[in-house]
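J.: Dropping a structure here in structure tokens format, bear with me for questions.
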Amino acid sequence: MNEHLDDILYPPIEPYDTGTLFAGEGNRLYYEQVGNPDGKPVVFLHGGPGAGVSAWHRRFFDPAVYRVILLDQRGCGRSTPHASEPRADLRHNTTWHLVADLELLRRNLGIARWQVFGGSWGSALALAYAQAHPEYVSEIVLRGIFTLRRHELEWFYEGGAASIVPDLWEDFIAPIPILERSRMMQAYHRRLADPDPAVHVPAAVAWTRWEAANLTLLPDRQLVAAMTDERAAVAFARIENHYFLHGGWFEPEQLIAGVDRIRHIPAVIVQGRYDVCTPAMTAWDLHRAWPEAEFVMIPDAAHAASEPGIARALRAATDRFAGAEGAPVASSEAEERDRMPEPDGAEPV
């Protein structure tokens, strides 16, 4: 994690509780709770899918106010079976399994309603969960919007992003023979599914490095190194590839079209303008469908929650929903941020 975050986020904190959620199909999911045991509940949804939670993820929330629940989703982090293991079976790892896992966790912890906080893949899962169970969601905070539509996936994995980062794209396609490069996700799938570590480990590292190298506006070698640890990279790449080949098990436009189910829920959408992984057009599409949600465009950021402008906006959102006094998220640093024009007929957000 970058040192500058110490000036933006809350101080490091250790869990007051850890546990295992027995989720079915042999899955044992690690979760932890930090902050105030009697505080306002919020669930943190990590990205990937397959990234797992990290200690710094706890720090977006005021620990005096919030009861923060963090969960390693199926197959990753400290949950088992880990997707890097030969015995791992991804057939029972889908968006709708994860939505059910969240509901099981909420009930087991005795939580009536909670804030849902998610970025990147976590934004898709947050939308899917909230649209399935709006009655249990108090607020929504989203970052780096990703809805797994076909054109979003093809942009990043089938050559679109090469127009911006051709050097990094060359590294990504290098392990794949020329004749297979017309379908990169399928080509990587064949290698990630190969039981031979000499095949699947290099493929997983290349897949993960491609994403890690594009997360931030400026290169972050520390982040790339952390994400390309072999065991973590194999789980990350296998789970991502599995989800992406299935389009997240969503109907076309499902998460955008489903906004009516959550329109009444207070929400903040935070997006980096120069996001290569999940370009701003998806966040804009969501904003047009959901003008009631506050929309914050960060002018000097790409995708990562660790980038200063994004981190500030996310903390401002959780502070506001915690009841902290202050201006709307986007106007608190007007000199440093810009705003997208409003959709036709929309009220200011």
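Glycine is no exception: its Cβ is also placed from the backbone N, Cα and C atoms.
Keep in mind it's a predicted model, so treat the numbers as computed, not measured.
Below, the features straight out of TrEMBL:
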| type | residues | note |
| --- | --- | --- |
| DOMAIN | 40-306 | domain 'AB hydrolase-1' |
| ACT_SITE | Ser120 | active site, nucleophile |
| ACT_SITE | Asp275 | active site |
| ACT_SITE | His303 | active site, proton donor |
| REGION | 323-349 | region 'Disordered' |
J.: Where does Ser120 (active site, nucleophile) sit by DSSP, helix, strand or coil?
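T.: Its secondary structure by DSSP: coil.
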J.: Taking every residue in the domain 'AB hydrolase-1' (40-306), what is their average pLDDT?
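T.: PLDDT averaged over the stretch: 97.
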J.: Within 10 Å of the Cβ of Ser120 (active site, nucleophile), how many other Cβ atoms can be counted across all chains shown?
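T.: Within a 10 Å radius of the Cβ of Ser120 (active site, nucleophile) lie 26 other Cβ atoms.
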J.: For the residue listed as 'active site', which residues in the same chain are close in space, meaning a Cβ under 8 Å from its Cβ, but six or more apart along the sequence?
T.: Gly144, Ala301, Ala302, His303
